[in-house]
Structure formats: structure tokens, C-alpha cells
Amino acid sequence: MRNWEDPFTLACNTALKKNLPSCIFIIIFISVLCPVAMSQVVVPDSDADCLLRFKDTLANGSEFRSWDPLSSPCQGNTANWFGVLCSNYVWGLQLEGMGLTGKLNLDPLVPMKNLRTISFMNNNFNGPMPQVKRFTSLKSLYLSNNRFSGEIPADAFLGMPLLKKILLANNAFRGTIPSSLASLPMLLELRLNGNQFQGQIPSFQQKDLKLASFENNDLDGPIPESLRNMDPGSFAGNKGLCDAPLSPCSSSSPGVPVVPVSPVDPKSTSPPTGKKAGSFYTLAIILIVIGIILVIIALVFCFVQSRRRNFLSAYPSSAGKERIESYNYHQSTNKNNKPAESVNHTRRGSMPDPGGRLLFVRDDIQRFDLQDLLRASAEVLGSGTFGASYKAAISSGQTLVVKRYKHMNNVGRDEFHEHMRRLGRLNHPNILPLVAYYYRREEKLLVTEFMPNSSLASHLHANNSAGLDWITRLKIIKGVAKGLSYLFDELPTLTIPHGHMKSSNIVLDDSFEPLLTDYALRPMMSSEHAHNFMTAYKSPEYRPSKGQIITKKTDVWCFGVLILEVLTGRFPENYLTQGYDSNMSLVTWVNDMVKEKKTGDVFDKEMKGKKNCKAEMINLLKIGLRCCEEEEERRMDMREVVEMVEMLREGESEDDFGSMDHRGTHNNVYSSMLLDDDDFGFSMNR
């Protein structure tokens, strides 16, 4: 029997047989001239090449198993590689909390001209701060909570005109604060707290600077006048600092030096000129194009082969070979027309050992088995603190989401099965139903339906998002409120019925109706993982050292933060910290803006359809702040929240809008359900 040959090999062999001398000449010609051409015309590295070279610099780069050289980091807006942020190209790198060690070398990433965000927070990198000023298009740099040390050069941030957010907190940096920080024209947020910076604070003149944190350093001298409206807590822990908002300086204190910032002196290189150079470039480009075409043919073949792999390749082979049986609450039939296992709702005692089988909790969906998932075309949707999510399109036409959990080891097998059965009984238009699950001691799979409009977070925070108008945002908030209230009613024995409420755990269907995901999983999660990562444990009441624990009102607090996130378009950065940090709280920022009578600046500038809706937007903002009271007993009950949110309207008529006073309160009976303006800034005044 003739051995099969791939088309690329067959074509080459045929060409060689027909015209061997010509082929040899072409090969020699290309092999000689291509290196010369490439030395003159540099082809930019691909994002994948840059990322792979960067991975090789990491001491524990072996953890990046999804960074496959045979696959692309991005497929449209979906990331195939862990920690990569995509918008048809790689625009961000988010490798947080991975225990990465050693020195951080960012040089391999410099050719990635579309890179806008770099985040390595909560790792164990040490050594000096990496060089970043060659990333001239960078907008955000997050390096907090590592072990970086040493002085940061004064010009470390020169030539970075787009840089808006810099987080260097909780490292061991020393020396003076680099003067180039003061020259960043678009700086919005700067966090230098928890280091060993010395000397005086430079004069920051940026008008849009909203937050600057210098606490717990060794700084001295007067606080620059441009920063004297900041929260006093931003300067705490520096014994030598003085002047507003701290105590006045003594008469002998020197003035604040204005540190001159040298302009960037870009180096320019003159391109080769003349007819000879032009002809050589033309020939080089032609040869490169020919080579690229040949490479593309080979890559297409490799890509087709790589598509056969999928997200379950990391599972032991035995798992893929097991026969999957349906485990449902009603009698059903499997592929062999034999009755599948059926379990009575009221049965107590030990559940039968599923033996590693896929178990269905719904009977209104077409059955599939693990082999269908193994053969499915899978895409990586993302990787969060709970686990990785995959989109799987199986042969029957169903599109599913499979999520792998590695920290669901808080209960035994029987308790886990019982809880999954309980979740399978939930039925509400704003709850994403569980379809099936797979149990192993080491990790679990939860299978749900795929929602076409991605998560709420992607619409609020992705660079390529068109944004959501007011009507859609209000619709989403109303749906989330009803879904959360349903969980409160159906899961009364759970301390926190949801426990992980945030915008990335809310998906949107084709009509932008919201559905809650990752709900009611706290009983299954390991305590350490839950305390470190679940949003409920970032609430102000969670202070185990003081005996304060979470309650059902904690979910109300999370919902309030979500309301503020939807209205402001700002990401709640306290989710990135462990525990509650009022300095990083979105609630604190909103209250500060209200106290300064800048309520109009709170709302997302990207939100459309705001005309004649200001009253309703302010009313929703008040509801959000009521939900976010630091004292639990002052927060609203969930049913009260739903009632108030349901009363909000999409817009006001001209008459209604004209009947409002300048503070945004109605003069009709509707306002009796809401706060008056004296209560609007409650957390600042009480």
C-alpha cells in the first residue's frame, strides 16, 4: 500500500522529479540571498514568537502549558493562551498570582507594538524594576505585590505618553521617586505605597490624576500643592511628610523642588538611499514574499492537525476512554437504548459512585458523551481564579462551555453530588443553568450552555467594545437583581447564595439578558482559595481577626459594587487585592466624587442614551451606595433592592425631567423610596 503524503510534501516531490536542476538552483538562490535580504529588511516578530521567547526567560515557564507554538495566542477576541488579552491581536498580558520567580525581563515583548497592558501583580519576582520605557504605547503597568528592589532610574518612564495607570505598591523599591513619573501627561492613577522611597515627592501637575498613593515609605518634606486635595491616608506612614492634607510644615522646611524633566531625544536612522538600495529592497521583498507563501502552506497543514487537540488533552487517557452514562432525575435512554440511571429526588444516603462519568442534571437537553467533547473543536475562553473555561462545539450542533475547577475539594464525593443536584433544580431566566458535571477528586468539570454575547465585563472594559447604552445597562441590572433574589429564595441555607458576584461572572444572551454564573459554589471551594479570591471575602465585614464574618448581606454589597461598576465603567480594583482595602474601593471613589459635588463626572462617558435619564441614573447610583454601606445593618434587604430597581424607568419625559431639582430628586411620590441628598454621601459623613 502506498504511504500517504501530505499535499506540501507531494508537491515538492513532484516538482523535484520533473525539474530537478531548476529546483536545486532556486533552493540555492533563496538560501544564499534570503539571509542577505533579511539582514537589510527586518520582518517583525509575531506576537507568538515574542511571547514564547519571554516564556523562556521565566524560571518556571513550564507552567505555561497552553502557550503552544503550533497555535495562535488569539482567535479574534478570544485568547487561546492563558494570561493573554485579545482583540484580534494581543493587547495585554495578565499573569497574576502565579508564583512566578526570578528577575523579570520584558525585552522579548518590546516588538509587540499593540501591547497596552502588562500585569504581573501578586508574584515573587525580584531584582530591579524591568525596563519599560521602550513600550511607548503602554497604557497600564501593574507590578504590585512582588519583591522588586533597588532604585528606579529617573528616566524610567520617559517617552511613554499614553501611560495612565502605574501600580508598583508593596515591593522594596528605594531611592527617590523617579521624576519621569511627573512628566506623564495622561497619568490617572499611581500607587507607590509599601516601598522604601526616600526624599521629596515630585510635583505632579496632571489635571486628570485621580489617585496617588505614597503611604508607608520614607518620604519627607512638604507635600506638593498639586496633591493637597488627595486623601490624607495616601500619605500615611511617612514621618517626614508635612503640609496639607497633613499637619503644617515647620518654617525651616524647604520648598518643594520642581524637578526638571528632560524631553525624550529619539534617535533616528537614515534609510539607505539611491537606485541600488531601492532595487535591492525590491528583490529582497520578492524573495521574502515567496518564502512566506511556502511557510503559510506548511502552517495551514500544521494548524489543521493541531485542531484535533482539545482542552481535555491534559486529562489522563483513561478518562477519555470511559463510557459516559447519563445520571438524571428522570428515566432516559442512552445511545444503546438502555435505560440510564435514575435517581429519586427524595432519596437519602450515599450516592452511587459515578466512577468518573459525565453526569447530567437536566433532562431537556440532548445527550452527549465525553468522546463528543474529546472530538469537539475547543476554544479557550479564559482563565480565572476558579479555573479555565472552554467553548466546545460538539458534532450534534450544540455549543457548550466547559469549566475546569481545581479547588473544589472542600467536601466529599457524596456532598458534592448532592450539591450539584441542588443546583440542577434551579430554574430562572437570569440564572445560567448547569447542564452536566464530571467528578474527579483532583478536579471537576461543570458544563453549561454557551451565551453568544460574552460577559458583562468584556462590554464594560474591553478596548474594542462599542459600549452599552443606558437602557441596556439598566436592563442588565434589573435582570441581575432578580436572579440574585431568586438565589436568596431558593438557597436559604447558604450563608452567601452567590458568593462570587462580579461582572465577569455575568454572561449575556443574544438579547443582552443577563445570566448569573459561578453561583453557590462556596460550599465546594477550599477555604484558602475562597478567602483569597472570592469577591465575598473582599467585603468590609470580612475581618476574621476581629471575629467578623460574611453574611447574606455580603452578596448585597457585591451587587452594589456591580451597580457602581456598570454606571461608572470603572473596574473595581479592590477585586485584585486580598481582603478589603478602602483605598482601592470603587465605593470610596464614588463617595469622594459625590462629596466634592462632582456626581456628574461619575458616570461612564462611553454610555450612550443618557439624555433625559439623569434622574434615573442618580437614583440607581443611590441604590448602589445603599447596598455598599460598610455597616451591614444599614444595607438594604435583597427584596427591597429588587423593588427599588424595578421602579426605575428607562428614561424621563420632558415634563418629568423638568420637575427635578438640581440635585436629581423627584418631586413626586417615586422619590419617597429613595435617599435624600443628605444621605447621598453617607459613608463620608457618618
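A Cβ is built for glycine as well, from the same backbone N, Cα and C atoms used for every other residue.
According to Swiss-Prot, the feature repeat 'LRR 2' maps to 136-159. Long-range contacts of the repeat 'LRR 2' (136-159) within its own chain (CB-CB distance under 8 A, at least 6 residues past either end) are made by residues 92, 96, 104, 113-129, 165-181, 183-184, 191, 261-262, 264, 266.
Marked as repeat 'LRR 3' by Swiss-Prot on the basis of sequence analysis: 161-184. Over the repeat 'LRR 3' (161-184), the average per-residue pLDDT in this prediction is 92.
Per Swiss-Prot, transmembrane segment is recorded for 284-304.
Feature annotation from Swiss-Prot assigns region 'Disordered' to 328-355.
Per Swiss-Prot, domain 'Protein kinase' is recorded for 375-648, and the stated evidence type is sequence analysis.
What Swiss-Prot records for Ser377 (among others) is phosphoserine.
Ser455 (phosphoserine) falls within a strand when secondary structure is assigned with DSSP. Cβ contacts within 10 Å of Ser455 (phosphoserine), excluding its own Cβ and spanning all protein chains shown: 21. According to Swiss-Prot, the phosphoserine annotation covers Ser455 (among others).
Feature annotation from Swiss-Prot assigns phosphoserine to Ser458 (among others); the stated evidence is similarity to another entry.
The phosphoserine annotation in Swiss-Prot covers Ser545 (among others) and is backed by similarity to another entry.
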> Counting across all protein chains shown, how many other Cβ atoms sit within 10 Å of the Cβ of Ser377 (phosphoserine)?
Replying inline: 13
> Taking the Cα atoms as reference points, how far is Ser458 (phosphoserine) from Ser377 (phosphoserine) in Å?
Replying inline: 23
>> To the nearest Å, how far is the Cα of Ser377 (phosphoserine) from the Cα of Ser455 (phosphoserine)?
In response: 21
